[in-house]
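Chemist: Dumping what Swiss-Prot says about this protein:
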BINDING   Cys71, Cys73, Cys86, Cys89  Zn(2+) 1 binding site
BINDING   Asp482, Asp484, Asp486  Mg(2+) binding site
BINDING   Cys812, Cys886, Cys893, Cys896  Zn(2+) 2 binding site
Amino acid sequence: MSKFKVIEIKEDARPRDFEAFQLRLASPEKIKSWSYGEVKKPETINYRTLKPERDGLFCAKIFGPIRDYECLCGKYKKMRFKGVKCEKCGVEVANSKVRRSRMGHIELVTPVAHIWYVNSLPSRIGTLLGVKMKDLERVLYYEAYIVENPGDAFYDNESTKKVEYCDVLNEEQYQNLMQRYENSGFKARMGGEVVRDLLANLDLVALLNQLKEEMAATNSEAKKKTIIKRLKVVENFLNSNLNANADSDEAVPNRPEWMMITNLPVLPPDLRPLVALDGGKFAVSDVNDLYRRVINRNTRLKKLMELDAPEIIIRNEKRMLQEAVDALFDNGRRANAVKGANKRPLKSLSEIIKGKQGRFRQNLLGKRVDFSGRSVIVVGPKLRMDQCGLPKKMALELFKPHLLAKLEEKGYATTVKQAKKMIENKTNEVWECLEEVVKGHPVMLNRAPTLHKLSIQAFHPVLVEGKAIQLHPLVCAAFNADFDGDQMAVHVPLSQEAIAECKVLMLSSMNILLPASGKSVTVPSQDMVLGIYYLSLEKAGAKGSHKICTGIDEVMMALESKCLDIHASIQTMVDGRKITTTAGRLIIKSILPDFVPENSWNKVLKKKDIAALVDYVYKQGGLEITASFLDRLKNLGFEYATKAGISISIADIIVPNDKQKAIDEAKKQVREIQNSYNLGLITSGERYNKIIDIWKSTNNVLSKEMMKLVEKDKEGFNSIYMMADSGARGSAAQISQLAAMRGLMTKPDGSIIETPIISNFREGLNVLEYFISTHGARKGLADTALKTANAGYLTRKLIDVAQNVKITIEDCGTHEGVEINEITADSSIIETLEERILGRVLAEDVIDPITNSVLFAEGTLMDEEKAKILGESGIKSVNIRTPITCKAKKGICAKCYGINLGEGKLVKPGEAVGIISAQSIGEPGTQLTLRTFHSGGTASTDLQDRQVSAQKEGFIRFYNLKTYKNKEGKNIVANRRNAAILLVEPKIKTPFKGVINIENIHEDVIVSIKNKKQEVKYILRKYDLAKPNELAGVSGSIDGKLYLPYQSGMQVEENESIVEVIKEGWNVPNRIPFASEILVEDGEPVVQNIKAGEKGTLKFYILKGDGLDRVKNVKKGDIVKEKGFFVVIADENDREAKRHYIPRESKIEFNDSEKIDDANTIIASAPKKERKVIAEWDAYNNTIIAEIDGVVSFEDIEAGYSADEQIDEATGKRSLVINEYLPSGVRPTLVIAGKGDKAVRYQLEPKTVIFVHDGDKIAQADILAKTPKAAAKSKDITGGLPRVSELFEARKPKNAAVIAEIDGVVRFDKPLRSKERIIIQAEDGTSAEYLIDKSKHIQVRDGEFIHAGEKLTDGVVSSHDVLKILGEKALHYYLISEIQQVYRGQGVVISDKHIEVIVSQMLRQVKVVDSGHTKFIEGDLVSRRKFREENERIIRMGGEPAIAEPVLLGVTRAAIGSDSVISAASFQETTKVLTEASIAGKFDYLEDLKENVILGRMIPVGTGLYGEQNLKLKEQE
């Protein structure tokens, strides 16, 4: 039935290759068939003759000869006797290598349990028999009896409690039952034998059916869980032969009794060697000791059985045998570990394979490599980009075989021996041949730690004297190397394919871009930057200024003859235009390729400009041009850095003159603050923050002063200023530490010490200041060490989860995508849309919002130019293809991945993108911070925390917004959620008065206006409309989306706007809190000064329907009266360059058709001031306002009990303040009784100040109380590396928020067991119920409408909830923006696609909800691929497919849950993985990287993807 044949591995006939790998339980017969004889004695070797003992653990008769083709007694000693068995010593003459593969066995007198199947959770034997693990252990270790046949036995005398099959009894119960029921068939035993018999008697098929019936019958969740556990084990046993051939002995499924061992296999002796040390001692592998204990106990037990010893002694011996076998398989798993002679636990078989020092990670995944060497590196500034200096001594060793061949080929030596001698004597011929051998033979250099693919690159070696490897300066950044003693390893590629790959793919001149971000990594740094910066500076009045030179040759002559200064400003011709530049910049121009435009080089070149230059050259010119350009740049940089002769002198450090004055002023302010604190006017927190603010601003003022001085010094040629300004070394902050003041320092916990360091390094620090600065600095060093380990572990987990992701096909053909927009955090942009879209493929057409034409069609690959056009077009969100939505069967398709950032081209099939992604995320891990940030407990007073104001122009729309009018006549927000204020511009206006109708058809929305005479229809894309949950601020973003202000059936006037584009939105409560004051009216225009933005001719238009009509009679000074007024700036070809909406009340500043020459000209101006404030609120307090008119009453509010009375000194008013710590069960509440039986309750938080009295009459919108915001305790924000690993591990947060799962109206039910009950009722009648702990703060109100995904309580949103409620795309958005916030915050650029690849792997498993007719059980986690294949199989057979829901697994869980056994076992929890796999007879089809590396096969990526097909090379025409 299967396509696989089992390969019998014989020692001489090893298969060259195999297709799959299966793990199974071995039957006793199987073990016997492997064995070459029984090991009877515990002896190892005879210590006198040093020959192995017969029948012992190293016996030559069982395991094979010690020396090649030579029997033990020496009778047969030649190759020709191969296969002969010696009569005298019984040894077969063979190669001694067979001692690595021949196994023996030990026949155990009594069956013992394999500890993996007893103790590894869940216990497999226990689960099958339905016995608890603890009870099973008691039976196996002869402490309890297990019922084999219950007969008619009952536990009690009334015969009510029947004794069941497999019940576990203690000694007392057993004796009691034996007395009463021995004759009626009752039988119970203890030990391994009875367990083996019970397992052998199991009828698995009957058990399976019985369990399935029980499953259908039960309703209890707990019971279901235990049944499912058993079901899984039973199914695994039954399915363990699915892929075997029917005729082979593999066709028998695994049997449960095979988990008990009767024949114990013995490992081949060369795998547990015994090595003689000098001094007559022996080093022994621990396994030998463990085997010896098993053999000793087994023989003793045999003897005791023959002697018919008392039961108790035999039992004890059997128990000891069980313990000895346990220790052999997994020492220390159960009882205390067995210790050797030197008091350390012996290493058992399990320990040999697991962990960092185990077989998998130490010997199979990381091997030592032949033809390699390592040495210290030094800089090689004269090398070309693709060269490295290789010491002659190293080359001699590394290329020895090649060299020997070369010497013979050239006839210098006739024999190998002679050639070797020549090499030893290092004759001249040897060096000559070495040069030839090395030429054209690249070598690979590697610097540990190898964090990404650029840590191994190939170079052409250049032979150098000395013992150090020379490295090109520009590749240092990629290797993260410096020359303070770093070492690097050299590897020689041997095969022709390997050499070709080195030359084509790995040469350093090919690896110019970082695979993480697509930025160039070979950018000049330090000295080179300094040299180029120096060269590009301009000096006023330098020698030879304002001369006219024809070109570079003339400039060079003038420089040499000293009649022209390098910084002099000169005039010259470039590309037929006269330009002003400097002599130095012309020199730079001379090394640039011709296509570089003038504005890229004719300026002061700092590090960023040089990086941009390199990027530009690469994008325009390609690899070869860039590589040679970089070399010229490096030479120029070094040359002029030397000529500049920049050095640091104490005279360069200039201390500001009025430093003392500024410091005295600051000290005075600090004293004042301290006094007001002593008087009790401010709190200690305020005092601390204010003092820190004073010192920060003082420091900033001084730094600015100092920078001004340094900049003016020597006309900008101050050495220290040049270093910092060019970006070569140092920063403004460091200079200010040298020259202004050192500033504020941090404590090890990250908080700021309030006494600053006033001195700078030029003046020197005093003792106290020195002590303060060491305080935080040492913490920094300790952090770095810890960080490296954490970052390394994160990388390892990521690699493991993503190693099987590769590009398999060109296009999977999906139309699905994920909508992306710019990532923002607190109104600062973290990643722009332009950056996010770069190198991706569109999943939907992009429509130009201005012309409504298709800007880019679906399937377009967005390169830099297109991304730029898109960024400028004002589009706010785009749908792109991502690895998460890719439909490829295996791996990912090229289109869903996009550009391979390391090359800048569309990725090719065979690229191992998973590993690249994991490296890209892990490599900068060491640059992230470790600490969690403490935010202080004070409310900040930034403007954005008190109000929101409009940044763009348009008019206001209220979405669902309700307001109250208070006594002062102000509008107060009455909504707590699901409302927003939008700033919009019109897109479609009604051509006539009529009734609006809106209908959804598939992907389109049709808006129509109809009256008795006529009807018009407008078609919109559904995808462009803002969804209700986006408007409410629950998910997604609304910028640039469309908004429909009217509902179907409404009457609309002529010229009314019915479709609008949202330009900005402020939702309640995220951007506008409840009870804020609204300062705008619905429909009110928001006017700003509008700048042209482009040069060109002005043309005015008015919106009619969905098109623009030209308006020509517009004059300067006109005021716009009508909605829908637009201005277009047309360029010289009369194409639209820019379009602006001009709101009503704007004043026009130009006539129609006037020309604009400056893009910053204001075309239309605001009559009053710009930046209209939309809403304001109290920055320090959360206000509680009355929602109805009525009478206040207090509940649980009592002065002196739950509240304190406070008297305001200034006004003499009394108010109550709720205590911070309340007695349990006390819940202070304000109740307003309104008309009828209407009542509203407000539960008050601690520290709330109450402004009303019991029994007061109040009106709607009156302020009842205020809760100070600072009372919200300061939260620790997890940041940096811990945050990243928290997200990738998908940990459930400690204080997770409860999240609504459906849209609906909130109802509070009566509390249950001191928990609040919230019920959400949806429109369609469904409801969801939540029980919420009293400790949580509930954020919703009775009767509010809430969207799925909104928080019901405070806390952190868990990514599992995001997936469950909002789906995969929302999770995609959430995870990427959270992770990017950490990396971008540290200034690290990583492309989104890398995070997406990892997220797609975290989502690679699904949870079966309904199993249908498939072989799955509900609750199973299976990989999507297995799930899909199984469903396809069932559907073909006409059955009911399974249904599953996506689950999010952390990277560790996802890696262990890999479809490949070998890969999972080599990652973590080795024993558990192997246990499961062996019972289920799992197959590993060797499809991914890791398992192939372990087995030493070609890995299936890159050229290995086509390993089967023969590649043909063809010459290029």
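Quick reminder: no glycine exception, Cβ is built from N, Cα and C everywhere.
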Chemist: Are there residues of the same chain, six or more positions away from Asp482 (Mg(2+) binding site), whose CB falls under 8 angstroms from its CB, and which are they?
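Modeler: Looking at Cβ-Cβ distances below 8 Å from Asp482 (Mg(2+) binding site), excluding near sequence neighbours, one finds Cys476.
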Chemist: Which is it, of Cys86, Cys886, Cys896: the one of these binding-site residues whose Cβ has the most other Cβ atoms within 10 Å?
Modeler: Cys896
Chemist: Could you state the whole-number distance in Å separating the C-alpha atoms of Cys89 (Zn(2+) 1 binding site) and Cys893 (Zn(2+) 2 binding site)?
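Modeler: That separation, Cα to Cα, works out to 63 Å.
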Chemist: Specify all same-chain residues, apart from the site residues Cys71, Cys73, Cys86, Cys89, whose Cβ lies within 8 angstroms of the center of the Cβ atoms of the Zn(2+) 1 site, ordered by sequence.
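Modeler: So the additional residues around the site are Ala60, Leu72, Gly74, Lys75, Tyr76, Glu87, Lys88, Gly90, Val91.
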Chemist: Tell me the Cβ neighbour count for Cys89 (Zn(2+) 1 binding site), meaning other Cβ atoms within 10 Å of its Cβ, over all protein chains shown.
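Modeler: Result for Cys89 (Zn(2+) 1 binding site): 17 neighbouring Cβ atoms inside 10 Å.
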Chemist: In the structure shown, which of the binding-site residues Asp484, Asp486 has the fewest Cβ neighbours within 10 Å?
Modeler: Asp484
Chemist: Which of these binding-site residues has the least crowded Cβ, counting other Cβ atoms within 10 Å: Cys71, Cys73, Cys812, Cys893?
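Modeler: Checked Cys71, Cys73, Cys812, Cys893; of these binding-site residues, fewest Cβ neighbours within 10 Å: Cys73.
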Chemist: Within the same chain, and leaving aside Asp482, Asp484, Asp486, name every residue whose CB is within 8 angstroms of the centroid of the CB atoms belonging to the recorded Mg(2+) site, in sequence order.
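Modeler: Apart from Asp482, Asp484, Asp486, the close residues are Ile377, Ala481, Phe483, Gly485.
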Chemist: At the level of the C-alpha atoms, what whole-angstrom distance separates Asp486 (Mg(2+) binding site) and Cys893 (Zn(2+) 2 binding site)?
Modeler: 40
Chemist: In three-state terms from DSSP, label Cys89 (Zn(2+) 1 binding site) for me.
Modeler: coil
Chemist: Check Cys896 (Zn(2+) 2 binding site) against DSSP and tell me helix, strand or coil, would you?
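Modeler: For Cys896 (Zn(2+) 2 binding site) - judged by DSSP and reduced to three states - the answer is helix.
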Chemist: Report the residues of the chain - excluding Cys812, Cys886, Cys893, Cys896 - with C-beta within 8 Å of the mean position of the site's C-beta atoms, for the recorded Zn(2+) 2 site, in sequence order.
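Modeler: Nearby residues not in the site list: Ile809, Asp811, Thr814, Arg881, Pro883, Thr885, Lys887, Ala888, Ile892, Ala894, Lys895, Tyr897.
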Chemist: Can you tell me whether DSSP puts Cys812 (Zn(2+) 2 binding site) in helix, strand or coil?
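Modeler: Coil, per DSSP.
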